[in-house]
Every structure is written in structure tokens, then in C-alpha cells.
Amino acid sequence: MEEGFRDRAAFIRGAKDIAKEVKKHATKKVVKGLDRVQDEYSRRSYSRFEEEDDDDDFPAPADGYYRGEGAQDEEEGGASSDATEGHDEDDEIYEGEYQGIPRAESGGKGERMADGAPLAGVRGGLGDGEGPPGGRGEAQRRKEREELAQQYEAILRECGHGRFQWTLYFVLGLALMADGVEVFVVGFVLPSAEKDMCLSDSNKGMLGLIVYLGMMVGAFLWGGLADRLGRRQCLLISLSVNSVFAFFSSFVQGYGTFLFCRLLSGVGIGGSIPIVFSYFSEFLAQEKRGEHLSWLCMFWMIGGVYAAAMAWAIIPHYGWSFQMGSAYQFHSWRVFVLVCAFPSVFAIGALTTQPESPRFFLENGKHDEAWMVLKQVHDTNMRAKGHPERVFSVTHIKTIHQEDELIEIQSDTGAWYQRWGVRALSLGGQVWGNFLSCFGPEYRRITLMMMGVWFTMSFSYYGLTVWFPDMIRHLQAVDYAARTKVFPGERVEHVTFNFTLENQIHRGGQYFNDKFIGLRLKSVSFEDSLFEECYFEDVTSSNTFFRNCTFINTVFYNTDLFEYKFVNSRLVNSTFLHNKEGCPLDVTGTGEGAYMVYFVSFLGTLAVLPGNIVSALLMDKIGRLRMLAGSSVMSCVSCFFLSFGNSESAMIALLCLFGGVSIASWNALDVLTVELYPSDKRTTAFGFLNALCKLAAVLGISIFTSFVGITKAAPILFASAALALGSSLALKLPETRGQVLQ
């Protein structure tokens, strides 16, 4: 009985094994047939199948095949559980699934790299087995990077340009749009916020400059970290910092807290430009890079248009506000600040669906992660083009040999803050060392010349773009003053004034027993006048002064006529009752001037659209240097037309002209910066140069605006000289058109 049971169990197990082998052979033949059809595209080898076929031609002996190799297997054979029935440990894994990246030693004689060349025994990362790391010279590392750059370019060509790149284009475009919005936010809210926060001229100037200071710090900080921690991760963190503090700034009431929030908001958005361009460039093949990086620049313009349109639509709506007593006020300009944080928030949400740069993975020795991302790029593009059957043929990618730089801290070593402190110091040292390497012998000349180009471009561009609106406001003020009405020597008795007085000067007037009730005074001046037995009630004023006037037996009830508005005036037996609360400073508030700021900014940013299109179409045809130098020369020539801008409309037209011709040089400079530095220094160098750009912007704005109302010759001369110097330096830089990404 027992012997019959064993024979039956052996028979069943043998039948299962035979069925399993038949299934494996059938699956193998089908997969091999499909792969051979795809062989022309993928250049895949079939050495794995050949080796297995050789083994299958000689089956194991009966005892070994059915019963296993040892007695233990024989004893346990009949007790196999039903839970494992049907489980096939040798089932063929589908060819397209990720099984771990094949290495050189497992590929056999037919394995090839992305460029079609045999691996020739390469194992692991580049340089493995070539001796100790200490003996590796800089020349060897340079050779490794050149080989990686060539292979990476070939892989990007195989992946193609399609849906993946366009999706990433719009995602990173939102991040760049957030940067464009940030530049305009403070300028748009100042006319409204100055009254809520009672801002003096010095406070307004500091608020305008603090954004550039934050962006300068952020560009250097996030640019350096992105080369060590990753492009995607640092961009997510920087955008999160920007959106959080932009949100807080719309609710805080005090000037100091608002200034602090806008500073940290600027620090967050400062990482946008250096990371976005580096990140996107590492997914673009050489023939597409210049054009599509230029198209990406268009989102900065869209950010400016968005900010101007939202300011125009939201800020004048005073009904969009509420207040809780006199301590907390939420006016429409705060809604505008909140809306301006939306691009950053949307960019964060969209960026979470995107992978890290595969080039960053390869630079840090993460071969498998890079392969997976590149396969995702390939498969996404092939499916979108209607070729889902095409297989990603790359089996091995070169990686850079990694130096032992990181300090590993055990979890039980000291307190948590001590471990984090050591890690932060180590990371800071690596970032600083990477920054200093940009001034090493190999890159010193390029870095110094790029500093000159970035500084001169930013000094002239930001200086002029802020000087233009200030000049327009100055011309408006001159025209407004020319229409001032003067009323000399008037005598008024027993009259009630309950209307608006605007842009008037009253000299030597005498007012007896007059009532000023519900009166609004705008840009009104009373000089050498007498007020006797008069009554002021519910009077509001802006830019209104009483100079050398005398008030006798006069009552002021619920007015905003504060002490500083009485210049060298005498008040005899006069009383102030229940003065208006709020800002004692004289602010103009919103009005036609604010609308003009929105309109001019809207036209100025929209005017760069033709320049963006032209630069994108010609960037890869005429080269980066010609585009940069040519656009700078045209901008320099356009500066001389500023001397003819003697009217408001003429200055607006010249602003649009300057913005339209100068944008091409910015696009070329962004592309050139990306391509001149290797991947391990790209965002560090870009971040440093962008930080220098913000410093030059602060200097340019401060210098150019100081000449408003004095002379136009100095700004024209400074801008022309800076642009001429920048274009001459640009011509000495190496041309990067047609080169692979380092």
C-alpha cells in the first residue's frame, strides 16, 4: 500500500514537471520570435536563450529530474502543499519587465551599449578595476565624463523627443512662471499696501529690494544644493518655501512680518531659474536643446502677464475685503498676493509626478535609477508615437567613479540634532567645494567672463525696466503740475464746502465762518491764508498742505489733517477733536497711477513675445554667441532712442522696443550657461551667476532711479556702456552649438 502511494506521488510530480517544461519551451519560443522581429530596432542579443537551449537539449537523469539531488528532497517530495501547486519557480519573466539592470558580465558576447559599441569588459562604474581611487588623475575623470556625455546623448536620441519632454516642459514652465510673478508682486501692491501698513518712502524702497535680496540668496543656496541632493528634490523644497511664505504674507498685518515673509518667499523662488533650466536640459538631445530651452523662457513672460492681469482685475475691487475691528484688515491687494502664489502651488503638485534627472543619477553613481528613468522617457514617447512594441535597447550606462566624500553617522551616535549638524556641515562643505571648483584652472576663465556678461546684462536690463515706469510717473507728475489751477486773494464768507478740491493752489485767501464738511482734498495747497471761525468735519486729504496759514477759533472734527500738514502755520484757540485713525503719513492710494503701473507692466512683458519666438527658432541655426551678441548690440542701439522719449506714450513704446530686442540675449545666456558647465557643477554655477544677476539688478535700480527728474543722459550712457561691454565679452566665450551636454 505504501509503495503504491509513493509510485502514485512520483507519477503526479513527474507529470507536473513535464507540463512545466512544455510551458517554458512554448513561452520561450514565442518571446524569441517576437524579439527577433524587433531585432532591427533594438539590436538585442539572444545569448541567454542559446545558453538555456544548450542545457535543455540534455535533460537530467530520471532520478535527479523527478526526485531531486538528495535524500532530503526525496523524503519531502510527497508532502508538497497545495498552496504551492501551480507555482512555477522557473517561469520565464517577460522580456520588457525591469529585472535589475543587466551588467556587462551577464550580457554575454552580444551585449552592446547605447551607441552600439561592445562593452569590452566594462564592469560597474567607469574605471572600476583600474587601480585605487587615489591613483586616478583629473585627466582620467575628464575622459570618463566625455564618454558618459557621448553615450548619454546617444541614449536621448534613442528615447526621442515627444510626450515626456512636453509634459515636463509645462510642469517646469509653471515653476518659471512663479519666478516671473514674484518679481512683480511687490511693485503692484505698494500703491495699496502703503496705506494699510503706513509705509514711508524708505520702507517702500526696502520692500522693493528685499525680494531681490531673497532671490539672490535662494539662487546660490538652491543651485548649490541641487548638484548634491538632486534637481527635483531641491526644486520641490524651494517652491514649497515660496508658496508657504507667500501665503503667510497675504495675512500678516505688520510691516516687519510682511517684509520677513516676502524675504523668505524670495529665497524660495530664487532656486527656480537655475534648477529649471538645468533640469530640463538634461532631458533634451543636442538638436532640440537650444530651441526648447528658449521656448521654456516664454513662461517667465507669461508670469509677468498673469501678475499684471490679476492686479488689474483684483486690486481695484475694494468690496473684496473685510476687517475685524481696527487691528485686522484684509483688503483686495491681499487677495492678489494670495492668487500670485497659485503658479508655485500648481508647480509643486505637477512636479511630484515627474522623475529625477537621470543625468544627476549617473553623476552620483546611481546606474539602476538612471536606467529606469530613461526607460520611462523612451516608453512614454514610443507609446505616444504609436510604437509601443519598441523596446528600450540600452542595457548598460557608464557612471562616474565616486569619491568617498560622505560622512556616515550611526543612528546611535549622539543626539539627533548632533547627527543632523554633522550632516549639514558635511553637505555645506561639499557645496562650497563644488562652488570653488568653478574657479579652478579649467573653468576660471569661463566663470569670470560669464560673471561679466551676467552682471552687465542684469545691470542694464533691470535698471532700465524699473527706470521706465518711474520716468512715466515723472512725466505724469509734470503734466499734472502743468494743469494746476491757482486762486489768488479770494475772500469767502459763510460758505459750506462739501465737494472735492483737486490740483489747486489757494494763495492769500481769507475764509470767515466757513464750513468744510465731507470735503475731499487731493493735491491742494493753501498758502498765506487766514481761517477764522471755521469748522472742518469729516475731511480727507492726500498731498494737501497748509503753508504759512493762520487758524483762529477753528474746530477740526474727525479729520486726517495731521500736524505735519501744517507747515509754518499758527493755530490760535483752535481745537482738534476725534482725529481719524490710521496711517498718519500722506499716501496717494490707488487710482489712475496704479492702473498705469499695471498697464505698462502688462505691455512691457507682452512685448517680449516676438523676441521669444525669434530666439527659439534661430537659437540652433545661428548659434548662442551670435544671438547673445546681436541682441545686446540691438539693445544698446535702442537705448539711444530714449533721448526722444519726452511723452508718456513715447516712453511706453520705447519700453516695449527695449524688452522685445533684449529678451533674445537672455534666452541665449540661459542656454549658454547650461551648456558651458558639466553636470556636477551646472546648477551651482547657474545659481551663483543668477545670484550675481540679482545683485546687479539692485545696483542698477538704485543708480538709474536716482536720476529720475534730473537727467536722462546718465541712464542712457550707463545702459549703453554696460550692454556694449557685455556683448564684447560674450564674443570671447566658446560656442556650444552642436556640442553634447557635458
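Glycine residues also receive a Cβ, built from the backbone N, Cα and C atoms like all the rest.
Listed in Swiss-Prot for this protein:
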- 32-49: compositional bias 'Basic and acidic residues' (COMPBIAS)
- 122-137: compositional bias 'Gly residues' (COMPBIAS)
- N498: N-linked glycosylation site (CARBOHYD)
- N548: N-linked glycosylation site (CARBOHYD)
- N573: N-linked glycosylation site (CARBOHYD)
- S80: phosphoserine (MOD_RES)
- S81: phosphoserine (MOD_RES)
- T84: phosphothreonine (MOD_RES)
- S393: phosphoserine (MOD_RES)
- Y480: phosphotyrosine (MOD_RES)
- 32-144: region 'Disordered' (REGION)
- 170-190: transmembrane segment (TRANSMEM)
- 206-226: transmembrane segment (TRANSMEM)
- 234-254: transmembrane segment (TRANSMEM)
- 263-283: transmembrane segment (TRANSMEM)
- 295-315: transmembrane segment (TRANSMEM)
- 335-355: transmembrane segment (TRANSMEM)
- 448-468: transmembrane segment (TRANSMEM)
- 599-619: transmembrane segment (TRANSMEM)
- 627-647: transmembrane segment (TRANSMEM)
- 652-672: transmembrane segment (TRANSMEM)
- 686-708: transmembrane segment (TRANSMEM)
- 713-731: transmembrane segment (TRANSMEM)
Close approaches to the transmembrane segment (295-315) from elsewhere in its chain (Cβ under 8 angstroms; 6 or more beyond its ends): 169, 172-174, 176-185, 188-189, 192, 276-277, 280, 332-333, 335-336, 339-340, 343, 590, 594-595, 598-599, 601-602, 604-606, 608-609, 612, 615-616, 663, 666-667, 670
If you skip the near sequence neighbours and keep only those at least six away, which residues in the chain come within under 8 angstroms of N498 (N-linked glycosylation site), Cβ to Cβ? I517, G518, L519
Quick one, of the recorded positions S393, N548, which Cβ has the fewest other Cβ within 10 Å? N548
Which listed stretch (263-283, 448-468, 599-619) has the most C-beta pairs under 8 A with the transmembrane segment (686-708)? 448-468
Segment-segment contact (the transmembrane segment (627-647); the transmembrane segment (448-468)) at 3 or more Cβ pairs under 8 Å: yes
List nothing but the one residue from Y480, N573 whose Cβ has the fewest other Cβ atoms within 10 Å; the candidates are the recorded positions. N573
Of the recorded positions Y480, N548, N573, which sits closest to S393 (phosphoserine) by Cα distance? Y480
Same-chain residues near the transmembrane segment (652-672), Cβ under 8 Å, at least 6 residues beyond its ends: 273, 277, 289-290, 293-294, 297, 301, 450, 453-454, 457, 461, 464-465, 468, 472, 600, 603-605, 607-608, 610-612, 614-616, 619, 624-625, 627-628, 630-632, 634-635, 638-639, 641-642, 644-645, 730, 733, 736
Residues sitting near the transmembrane segment (599-619): Cβ under 8 Å, six or more positions beyond its termini, same chain? 180, 184, 187-188, 290-295, 297-298, 301, 304-305, 307-309, 312, 465, 468-469, 472, 627, 631, 652, 655-657, 659-664, 667-668, 671
List, by number or range, the same-chain residues at least 6 past the transmembrane segment (234-254) whose CB is under 8 A from its CB atoms? 175, 178, 182, 185, 197, 218, 222, 225-226, 261-262, 264-272, 275-276, 279, 327-330, 334-335, 337-338, 340-341, 344-345, 347-348, 351-352, 683
Three-class DSSP assignment, Y480 (phosphotyrosine), comes back as helix
